[in-house]
Structures are given as C-alpha cells and as structure tokens.
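Comments concern the structure below.
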Amino acid sequence: MERITVTLGERSYPITIAAGLFSDPTSFWPLKAGEQAMLVTNQTLAPLYLDTLCARLEGAGVIVDRVILPDGEQYKTLAVMDQVFSALLAKPHGRDTTLIALGGGVIGDLTGFAAASYQRGVRFIQVPTTLLSQVDSSVGGKTAVNHPLGKNMIGAFYQPAAVVVDLDCLDTLPARELSSGLAEVIKYGIILDGDFFSWLEKNLDALLALDGTAMSRCIRRCCELKAEVVAADEHEHGLRALLNLGHTYGHAIEAHMGYGNWLHGEAVAAGMVMAARTAERLGQFNPQDTDRIISLLQRAGLPVKGPESMTAEEYLPHMMRDKKVLAGEMRLVLPLEIGRAELRRGVAHDIVLASIRDCQ
C-alpha cells in the first residue's frame, strides 16, 4: 500500500494507492459507523462496483444512499448535478453527510462541485476508477461542470477529505480510456520530471499490459508530483498552471467537437504536440524532443494531430475563453525541455495558428 499526503495545513488529506481497497472500509477514512453518505456513480460503473462498495460500507456501520448518473462528458452539467442535490434533499442529508465520488473525471469533478455547493459545503471522498482520474483529476480540489461555451467554466476549488485509488478498477477500464489516462501521465514527465519521462519510454508496454508493479509506481509518481504542486500553489496562481500543458488547445477541441466525441486525454495529447510545435517556433524547444513526445504518445495509442474537420482558426475563440487568459491576453503552457515548462504570455496568434496547422 502506498500513501501520499497532500499537505494543505488543516485541510491536508491522504491519497491511498493499492489493490483491493474496496474490500477494506477503513480505506474510506474519515467515514465512521453511524455517519451518513451519498455515493455518486454512473450507469456504467454501477453494475461493476456499486453493490459491493455499498455492502462494505454498510457492514462498517455507514448509512449509504446512492445516486446513479448517466455516463459521459456531455452529462457534466448543472442540470445533471441537480440530480445529486435532489437525492440529497429527498432523504434528507445534512451538513454532516459525506459525498463519495465513484468514477472517473466527470463523476469526480461534478460530485466535488456538488459537495462544495450543498448547504455551503460538505465533506467528500474521491474514489477514482480511471487512470486519468487516479493520476490527475481526483487530486487537488478542482471541481467543475462544463458550459456549452467552455470546459470546466463553472466550478470551485474544494479539496476532498481523502482519495482512494483501488488499482483493481483498471482491470475493467476500456483500452481507449487507458490511453486517455496515459496522456496525463506523459504530461507530468514533460513538464516536471525528465527522468520519469525516460522511465515511461522504457516501461510503457508494461503499463499498457496493466502490470501491477509498473502501474503502482506510475500512479504513485504522478500523485507525488501533483501533491507537491498543489501544496505549493493550490489556487493556480503560478506553478500549478503548468499542469495545463496541452489543455488550452485540447479544451478547444473538446468544446468544438462536442463533449464526449474526443476523450479528454486524446484532446490533451494533440494539444501537447501543438504546444511543443509552438515552443519550437519560438526557438525554445528542441524538435528532437518533440519527436520523443510524439513517439511516446503514438505508442500509447493517442492522437498527435487535431481533428481533420477543425480549422486552425476555429481553435482561437475557444482558446480566448480559457481560464488562463488575463486582460484579454492568451497565456500558454509551453515546454522548455523534457522535464521543464513555462507559462508564456504574449505569443502572437499567427505563431499559434501556424503551430496548430503543423498538427493537422
């Protein structure tokens, strides 16, 4: 069992990583016997895990209710989140309840925002079931829903009480979702840890085969890096923005193509190549390193080009609605070398457009 702490003073919390955690109710600390909880999941995961997890928690004396939401990025909306509020109020659940987010990034983000909003804030626990959510979205307290004009535009910073990563969940993960998660894994190597990137180049086949030892090490390192960044810059005033490598371009793809048509990791993968090409055009990134990024993404089964049906000009309106835009000026996360990146402002739009065209 691996345990990492996200250090935020009184709001610090553990990330527990191991196989078989669903069989151990103590993994869900700080939940205790006699307390009330609402377990939020989706229609795909409910048949796989819901009854087992509820039975374990109820066996430990926790009073568990449940709400099952539709599955997909297109359902990460205020309207769907209202189903969680309705379920909480119907019982009813008070301020001492705990929301449990059992799912990937959509369930985690939506449930976290519901927890931040319900009766002005209740406790919640992240139980990520996809690789992407285990290494990224479940850690750090970013909660949100989408708007038709932009991804994650309505939300709050609200930290979980705990993150429970059961490695057994990856056994039921579709191959496309596994690849999507690997995009975020590769991102950490590009922006923060060149040695980790090299390790990924050597061990990617083991990760694709769901080798337990390799996967545990991979998830642990990603969570360590994310925890360090969040502890240093919880509200994304500087360092944490680097975690958005590829996201400004990628969110444009997701919004333009319709949420759910491109998985988040797929859009980020293409976006990271666009960011590398932008950095190349600015003379700050070695084309050979771009080739390493492209090679690793392709081996992971990820796209390295944007949608054929989307012109470069169609990216810009979405990119100008990005949350990193300040005073009407786009800010982009760009790599400097494998293992190091910067937040760059003032990049000319013609350079951005040319870099996108490089990836069409």
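The backbone N, Cα and C atoms fix where each Cβ goes, and this holds for glycine too.
GLU184 is the only one of GLU184, GLU314, GLU329, GLU337 that Swiss-Prot places in the Zn(2+) site (with HIS247, HIS264). Annotated Zn(2+) site GLU184, HIS247, HIS264; additional same-chain residues within 8 Å of its Cβ mean position, judged by their own Cβ, are LEU132, ASP136, ALA183, LYS187, GLY246, GLY250, GLY265, ALA267, VAL268. Comparing the Cα of ASP71 (NAD(+) binding site) with the Cα of every entry in GLU184, HIS247, HIS264, these being the binding-site residues, the smallest distance points to HIS264.
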